[in-house]
Structure formats: structure tokens, C-alpha cells
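Structure, as C-alpha cells:
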Amino acid sequence: MAVTITKRPPRLTLQVLDIAPETTAIRCLDWDRDRFDIEFALENGTTYNSFLIKGERIALVDTSHAKFGDRYLEQLWQLVNPSDLDYLIVSHTEPDHSGLVKDVLVKAPHVTVVASKVALQFLGDLIHQPFTQQQVKNGDRLDLGKGHVLEFVMAPNLHWPDTILTFDHGTQTLFTCDVFGAHFCNDDPFDSEPELLAPDFKFYYDCLMGPNARSVLSAFKRLESLPPVQLVATGHGPLLRHHLDQWLESYRNWSQEQAKAATTVAIFYAANYGYSNALAEAIERGTAKTGVVVEKMDLLTAEPQDIRELTEIAAGIIIGTPPTTAVAKTALSTIRAAAHAKQAIGVFESGVADAEPAYPLLNQFRDAGLVPSFPVIRVTAAPTDALFQEAEEAGTDMGQWLLRDRTVKQMKALDTDLDKALGRLSGGLYIITAQKGAINSAMLASWVAQASTEPLGVSIAVAKDRAIESFLHVGDTFVLNVLEAENYQPLMRHFLKRFPPGADRFAHVKTYPASNGSPILADALAYMECTVVSRLDAHDHWIVYSTVDSGRVSKPDGMTAVHHRKVGNHY
């Protein structure tokens, strides 16, 4: 008898509570969300936090994700009459926080939207209707009455170019949207159990804030002029009150460590222009996973001095083709004047017909002595997953190229005797293959071991800068192909090749699909279909633990290929 399993709808709940005088939090709890953006796997769901401040005038700080729609709006209008709402503060325009802005304005069209210049530009394109707006800059204030004086702090690139933070002098509450957040969903609205929150807090920082460490430190510098913060009202996860100093100090320390790194990549792009935002983020992910510091800057709004300073300190420069406007041409001229020979350079198209041509732009920098680290990323249609994979891998290629000398030095620095002793650890030879929709990846691996018997499980050490890393998050599936001792050379040679960004790893390789969709290598000795259960951070590697769901041996008398080393400083 066939059994049909119907996927149950995700659990979505609301939590309303007072967090400070005349200040109410509306927390939208998404218990079952398991992925946030293409690279961000979630183990503990997430929350979308929105806040009401009721002085003599009333302000709403951020809305929520559109998936909460009617239930959020019903709760909001129970807390405040639409005619009494005066301001809507948009911390930034990412849809998980601004997804219901248009709905709020439909019910309360008189409301003044308060945001940064860039955010107001984005909103105009998002909601397609006129609205009353108030642009704010760093240090601007908005007096709601009853002591609730709101001061705005500019925080670009945390993690969008339009981000602002809002400080209420009356309650000493800092509303931070994405900053200091965590994708962690539970009933406790505060950070009462730091040991439970800490892993997700760090993972969130690494994925979203770490790549912009210098911007984090700049935000801390701007916050120094404010009175002491008593409560951080985050946009995701628990609000930070009980262990606030610990969380803030962690952010500061992590960012200082990142900023001290000698290698920085600057990504210049035209925000909200074609597909610039999405492609810049994909390149940023790939670059950051190599360990370099990444700074993004909007060519259309950044000050020339900031563009020049970032260009001068960067070891690598990546440019998204901007419009052919006077502002953009001035920005490009500033980059060209500040760039110097031996810097790495890369260019990606924005997908807009009248954008600055990519190839002449790249050639200008090449002629000045800069070194292209990846081919121009072409955009001839709406981006696909394959294009985003190409962009991410291009960023990884630049990061690896910039760190090549440091990697060699680290290998040579290992004690000789210890190096030789580690080299006596041997392992089998395997190829990990993975497929997500139309995109795929593969990696030769030898640091593989059985890790459990109940359930059956394996562990694999995967370097953080490997392309396949983004295919091995919790819940992802893959195939572990075992190479045969008598027939491993052709497959090993093929998968040891350095593939250009976005290249098909399986071209001219005989495969057939596993039940989980990943490729099985026809010439492998055996294969196992696996599901990722957890990941352990091991400094420059992830230890990926996965359950084994099924498997098969193609040659019962065959033996596994073994990789014997003599030194331990490389695979």
C-alpha cells in the first residue's frame, strides 16, 4: 500500500509583550524555517521582531515578513488604531522586515516613513505608490514626546547599504534590525540562556556581519556618542538584555580580529540597479568563506573619499557595472585613480542594457597593472541558481588567489617532525557529489570516517573555502562515492582540476542520479546517500556529520583506494 506524506504547514505564531515603558514588541515566530538565503541553513527557526513606541506620537519600528500577513496586521491594529500611527521607521528594506510596509500604508496612508536616503529610494521601487517620507542622517533626532527622543545611527552594510539603527533616549533601547541578531526561535523573548543562543549568534555574525567587519567597527564608533544601551531590540531572535555586555564585546572582538587581517576585498556595486545587489551578495559569500575581509560599497551613494580609502587598502577590487551617469563615472574614476598595480580585479555585469560595458572596464584596470582573478560574469537574462553559483565561486577564486602566499607560509611553518607524524594518518579516497536544482558540485575527499552506528553516520572534513561547502548545510543531501584501488586515477585526476567559476564538474563523467538527486559516479566502487545532520566548526574546516540513508557496492571484491601521505600540511 502506498502512503502519501503531506508536508505540514510551518508553525507560525505571534508573541506580544512590553519590553520597556510605552514600548511593545511584536515577535513573529517562524519555528520551522530551515534556510535563510541560499547559504544560510537554520537549525532553530527564526523570528521577525517589530516594535511600537507610544509617546505623544506613535512610531512603528519595522514590520514583518509577508508570510505573517493578516495575523501580524490584525495584531498591530489591535495595539494601535491606524489613524493614531504617526511614523513607520524602516531600519532597512530587506523583505523580511519591510514585507508589510505597503499593507501598513494602505490602512494608514497618512503615516510618515522614516528611513535613510538609500532605503527611501529602494522603498519607492518596492511599493510603487506615493508616500510621505522623512530622510534621516547620522545623529538626526525625532521627538515622540513623553521622553521618547529617537536618535538615528547610520550603519551601512550591516548587512544592507541602507541600514539605520534607532536609539530611544527615553528607555535607552537600541533598535538594531539585523545587527546583533540571531536566527533562533523560542518562547523566551530575552537572552536568558546564553549557552543556547551562543552558537546561533556566532553563526549569524559569521554569515552576515563578519564579511563587513570594518563597517561593524564604524557603527560601534558612532554608538560611542550615545548614553549606555540598556536593551538591544533585535530584528531576529531574542532581545539582548541579561548578557548585553557579553554580546556586544563578542561583536567588537570578532570584528577587530577580522579587520586586522592583512587582506581586504572591496566590492563596488550600484545598489538597486539591475541584479547588482544579489550578485554582489553571492560574490561576497564566496570571497568571505576564504577568510579575507570583504567590504561592499554602493557606487551611487558613497562619498568619493570613502571610495578612495577603500580602494587604497584593498588587495582585490570587484566592480559591478553601474549606470552611465555622472555620479557613477566619478566613482569609477576615483577607483581607477586610487588603484595600484598587482591588485586583483574582477568585474560582473548588472544585467542592465545601458550599464557601463564590462569588458572595456576590465581592460582599463588590466592596462593599469591590475590582475584579473576571474572572467567577467555575464548576465544575459534573469539570474539563475547557476549564475549565483558562478558568482560565489568567482569570489572564492579571488580570495584563494590573494591568500596563496599566506597559505604556503603556514604550511612551511609547521614543525618538521610533527608534519611528518601527521602525514602518517592515512585515509580512503572519496568524491562527494551534490545537486541542488540545476546546480551541482563535487569534491575529492580523504578526511572521511564512519562516525556512528545508530544511526549509521559518517563525518567529513570540508575546508571552508571549498565550493561544495555551500551544498553541505544542515538538511542538505549528497552522495559519498568510494573510489576503487584499481581504478581511481581517472576520477581523481578529473576532480583535482581547477574548474573555472560555474563550470560543470561532471562534463564527460559518467553518472546516474541518486534518489536524493545527487550524481552517482558510475565508475565508483560504492556509494552512500547521505543527509547532513550537524556541522562542527574546526577553524579552517567544517566537520560535517551526516546520516547514511542508503548505499550500494558495485564491485563486491573491490578494495577502497587509500591515500598515503608523508607530510600533514596538505591533503
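Any Cβ shown, glycine's included, is placed from N, Cα and C.
The Fe cation 1 site in Swiss-Prot is built from His92, Glu94, His159 plus one of Asp70, Asp140, Asp178, Asp187, namely Asp178. For the Fe cation 2 site, Swiss-Prot gives Asp96, Asp178; the one candidate out of His128, His148, His236 that the record lists there too is His236. Secondary structure of the region 'Flavodoxin-reductase-like' (427-571) per DSSP, as helix, strand and coil residue counts: 13 helix, 72 strand, 60 coil. The two recorded residues, His159 (Fe cation 1 binding site) and His236 (Fe cation 2 binding site), show a Cα separation of 13 Å.
Between the C-alpha atoms of Glu94 (Fe cation 1 binding site) and His236 (Fe cation 2 binding site), the distance comes to 13 Å. What surrounds the Fe cation 1 site, by Cβ distance within 8 Å of the Cβ centroid and not counting His92, Glu94, His159, Asp178, is the set Ser91, His97, Leu158, Trp160, Thr163, Cys177, Leu208, Gly235 from the same chain. The C-beta environment of Asp96 (Fe cation 2 binding site), restricted to residues of the same chain at least 6 apart in sequence and closer than 8 Å, consists of Tyr48, Ser64, His65, Gly235. One way to see the shell of the Fe cation 2 site is to take the Cβ centroid of Asp96, Asp178, His236; the remaining same-chain residues with a Cβ within 8 Å of it are Thr46, Tyr48, Glu94, His97, Cys177, Gly181, His183, Gly235. Within the same chain, residues at least six positions away from His236 (Fe cation 2 binding site) with a Cβ under 8 Å of its Cβ are Thr46, Thr47, Tyr48, Asn49, Asp178, Gly181, Ala182, His183, Phe184, Tyr204. The Cβ of His92 (Fe cation 1 binding site) has 26 other Cβ atoms within 10 Å, all protein chains considered.
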